[in-house]
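Asker: Straight from TrEMBL, here's the annotation block:
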- 135-530: domain 'SAM-dependent MTase RsmB/NOP-type' (DOMAIN)
- Cys252, Ala253, Ala254, Pro255, Gly256, Asn257, Lys258, Asp283, Asp312, Asp332: S-adenosyl-L-methionine binding site (BINDING)
- 350-404: region 'Disordered' (REGION)
- 352-362: compositional bias 'Low complexity' (COMPBIAS)
- Cys437: active site, nucleophile (ACT_SITE)
- 476-491: compositional bias 'Basic and acidic residues' (COMPBIAS)
- 476-498: region 'Disordered' (REGION)
- 533-574: region 'Disordered' (REGION)
- 548-574: compositional bias 'Acidic residues' (COMPBIAS)
Amino acid sequence: MSLYFDAVAILTAPSSGGSFKSRIYSARNLRATPAQIYALITEAAKWDSVLAEVIDKAGILALERKLSPLLALLLVHDHLLSKKGIAAPAAHPIRQAVERHKVRLRAEFTKARVRRGCASVEQLKAAIIREKREADGTSHFVYPRWVRINNIRTTLDEQLSTTFKSYRRVDSLAALAPEDELESRKPEPRLYIDPNIPDLVAVPFGADFTASSAYKNGEIILQDKASCFPAYLLLGDRGPKDPWQGDLVDGCAAPGNKTTHMASLLAKQKNKKKDKQRIFSMDASAMRSKTLQKMVGLAGADSIVTVLPGQDFLALDPEDPQFEKVTGLLLDPSCSGSGIIGRDDVPQLTLPAAPASKAPKSQGKKRKRQADDHEEADGEQSKATPGAPQASPTDENDIPDGIIDPERLTKLSSIQARIVEHALSFPNATHVTYSTCSIHLIENEGVVARILASEVAQERGWRLLRRDEQPEGMRRWSKRGVREEKPKEGEIGPSGTVDLSDEALEACIRSWQGDAEGLGGFFVAGFIRDPDHAMQAVPAAPKKEPQEQEQEQDQGDDDDEDENEDDEWGGFSD
Ligand SMILES: C[S@@+](CC[C@H](N)C(=O)[O-])C[C@H]1O[C@@H](n2cnc3c(N)ncnc32)[C@H](O)[C@@H]1O
């Protein structure tokens, strides 16, 4: 019986990051084996909609108060579909609570099959898969697992002939989906080479590399495609003939995806000069800096990257001689995280309806941080989009509780703009990227407009990196900046417009969740300036009014508050 209670515990525990499988294997106090629990949940997830229908129509939840909707679904799955039936002694009260209704359950199951015009259980299974695909639209299969090849340790060709040797190359993201999930229990592995970001591949979402040597040795890094945009936009398609000149800064770097991507791009350029580039990589959070250092080490980037642990980027002195050669800066500050898709790959089951007296309990704060607002019943989720990219144990963004607070967005955007303006003040900087995983105008195009209008940008001659100047893969990317945000009909949310030219909006790069690209919401823009402006003497910033100083102090305090919140949240990775 413990199998079913263990499965319920896994499915209702707050997200602690990591893949579904790794959560089961690392969970404590389970009595059933992880393999049994995994098999039960994944099998029940294939049948959930029809099982919920059967349980509802049989009305057993109103009669059996010991059964929660989720427990009933798992038990009824085994009762109807497992050869051995429910894995519990025949006299166990919970087993009896289901078997008492076996005639009704069997009859409803047959009716569900007949309703769908299926002659056999196998046909019913195929019909349910089709139903699920239709209900989910494209999103059911479109979210792949993105894998970046780390050029410090390996090459794409090497990985294609080792880690991905058994994978068949397909020519579209959609083709990653198995044509027929019934054809075999383990569909043929497929791989898609991304056409925008060099050395990035996509594989079906369920692929698990955590046990592979390539993953353990840092040869491959699991990083979403959109998260690869900033480093690529900054360093581009340069090669040995045209390597990047100067040092780099990653000002908001933990857990280190973009830092290690920059290091990988530099490694590919094979700069033969003795005086090689360095990357100064920092994070204001001392705790997350540890993860950053670990990731840099795993990626083999220690010799290129200098981690400044616990360093507030805003407190960095751009005039410090050690940053004299800094020409490029990547800024990916904390944001609302509103573009993050529910990255949890724990199956979200469609559940039978709880009887009226089993009123839904509210879930913990951490659960609410998922992008979707799930309905709850007895602390169980009822329906959500299945599988999306894996979460990592490191948090980075600033979603308080999924509620969009306009004041908070305004504060965030002020801090974001300050961070980028600080980057623009590095004396020899010529290239800067700014990115967020937010969908909100105020944090994206709104920040860009503020930066362009800022004193430092105007005095030092900064402008946007136009689309036609961007690296080829980004030039070809069609999702660009937007001028307006307004909530969908019947919804409440931020709204506004931004005063940017068409050319400026074309320079901004976006991605959105729910389309065929397999990404979440993301934004990035590049700023450049004529190298002739570098080294120019810049007039000192005008003295601030006391009131202004106070305001900035307030925002600084808020930073600390954000960090505390972040620290307590086991959130998302890229
Ligand atoms: C979106 S995450 C960065 C993700 C990272 N770029 C990556 O790709 O792995 C934002 C990070 O910025 C850090 N941060 C926020 N404000 C900062 C500041 N003023 N100075 C340095 N780090 C800051 C946060 O601690 C958080 O780890």
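Please read every residue number as a count from 1 along the shown chain.
A Cβ is built for glycine as well, from the same backbone N, Cα and C atoms used for every other residue.
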Asker: Cys437 (active site, nucleophile) to Asp312 (S-adenosyl-L-methionine binding site): how many Å between their Cα atoms?
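Answerer: Cys437 (active site, nucleophile) to Asp312 (S-adenosyl-L-methionine binding site), Cα-Cα distance: 20 Å.
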Asker: Would you mind listing, in sequence order, the residues at least six apart from Lys258 (S-adenosyl-L-methionine binding site) in the same chain with a Cβ closer than 8 Å to its Cβ?
Answerer: Ser227, Pro230, Ala231, Asp250, Leu330, Asp332, Ser435
Asker: Let's check the environment of Gly256 (S-adenosyl-L-methionine binding site): how many other CB atoms sit within 10 Å of its CB?
Answerer: 30
Asker: With an 8 Å cut-off on Cβ-Cβ distance and a minimum sequence separation of at least 6, pull the same-chain contacts of Cys252 (S-adenosyl-L-methionine binding site), or say none.
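Answerer: Once residues fewer than 6 apart are set aside, Cys252 (S-adenosyl-L-methionine binding site) is near Met282, Asp283, Ala284, Phe313, Leu331, Asp332, Pro333, Ser334, Ile419.
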Asker: Specify the count of other C-beta atoms within 10 Å of the C-beta of Ala254 (S-adenosyl-L-methionine binding site).
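Answerer: Result for Ala254 (S-adenosyl-L-methionine binding site): 29 neighbouring Cβ atoms inside 10 Å.
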Asker: Averaging the per-residue pLDDT over the domain 'SAM-dependent MTase RsmB/NOP-type' (135-530), what integer do you get?
Answerer: 84
Asker: Using DSSP, how many residues of the compositional bias 'Basic and acidic residues' (476-491) fall into helix, strand and coil, respectively?
Answerer: 0 helix, 3 strand, 13 coil
Asker: Give me the largest Cα to Cα distance among Cys252, Ala253, Ala254, Pro255, Gly256, Asn257, Lys258, Asp283, Asp312, Asp332, the residues the record lists as binding S-adenosyl-L-methionine, in Å as a whole number.
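Answerer: Taking every pair of listed residues, the largest Cα separation comes to 18 Å.
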Asker: In the structure shown, which of the recorded positions Asp312, Cys437 has the fewest Cβ neighbours within 10 Å?
Answerer: Asp312
